[in-house]
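Peer 1: Okay, handing you the structure first.
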Amino acid sequence: MSADLSIARSELILGGQKSGKSARAEMLAWSWLQANVDHHATFIATAQAWDDEMRARIVRHQADRAARLPNMRTIEEPIAVADAIREHSQADCLIVLDCLTLWLTNCLMPIDQVTIDLNVMKEVIADLLDAVQMARGPVVIVSNEIGLGVIPMGREVRSYVDQLGKLNQALAATVDRVSLMAAGIPLCLKNREGDK
């Protein structure tokens, strides 16, 4: 993992499954907490326990995170992430939102089967972009880059991949830094703060 743990005002961390996205976000949170005794960090978790395997995965992630970052508060919010960012954003608090991929799944294919219309989803995404831009403290967002692999057949899956790609593009245009994780190594794709 890169030694550069500087904190951008807003950062999107992209990558494939098990590429090191969450670990990178947690390292940035650790760096933020170490920099100043008055700093705080809040983790907004979007995962829902769809089945026993996912439930076990969530429990494992919670335990790992608590061991690595015992001072980071966790908020479970599968849908209203823009509201959660607004509620918990403070100048001395770094927010980690992990992850947009599951959040989009929650919105488009929820457990209760009450889906959000794609036109309404555009408004929900605009609200998220606004919350990130207006955040008083730094925001680190994790999302999967799933468009690089083989896309399974099926209209719903292709539509989901398209929607996530559009969401990632909109966030990448909004945030100050974009990193792509590969094999645990961050590659900086955009650094607005470094360009000044």
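Cβ atoms here come from the backbone N, Cα and C positions, even for glycine.
Computed from a predicted structure; not experimentally measured.
Checked TrEMBL, it gives:
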| type | residues | note |
| --- | --- | --- |
| ACT_SITE | His61 | active site, GMP-histidine intermediate |
| BINDING | Gly15, Gly16, Gln17, Lys18, Ser19, Gly20, Lys21, Ser22, Ala45, Thr46, Ala47, Glu76, Asp98 | GTP binding site |
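For each feature listed, report its degree of burial, its nearest neighbours and the pertinent distances within the displayed model.
Peer 2: Counting every protein chain shown, the Cβ of His61 (active site, GMP-histidine intermediate) has 16 other Cβ atoms within 10 Å. Following the DSSP three-state reduction, the secondary structure of His61 (active site, GMP-histidine intermediate) is helix.
Other C-beta atoms found within 10 angstroms of the C-beta of Asp98 (GTP binding site) number 24, with every protein chain shown included.
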Peer 1: Which of the three DSSP-derived classes (helix, strand, coil) applies to Asp98 (GTP binding site)?
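Peer 2: Where Asp98 (GTP binding site) sits, the three-state DSSP reduction gives strand.
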Peer 1: Across all protein chains in the structure, which of the binding-site residues Gln17, Ser19 has the highest Cβ count within 10 Å?
Peer 2: Ser19
Peer 1: What's the CA to CA span in angstrom from Gln17 (GTP binding site) over to His61 (active site, GMP-histidine intermediate)?
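Peer 2: Rounded to the nearest whole number, the Cα-Cα distance is 14 Å.
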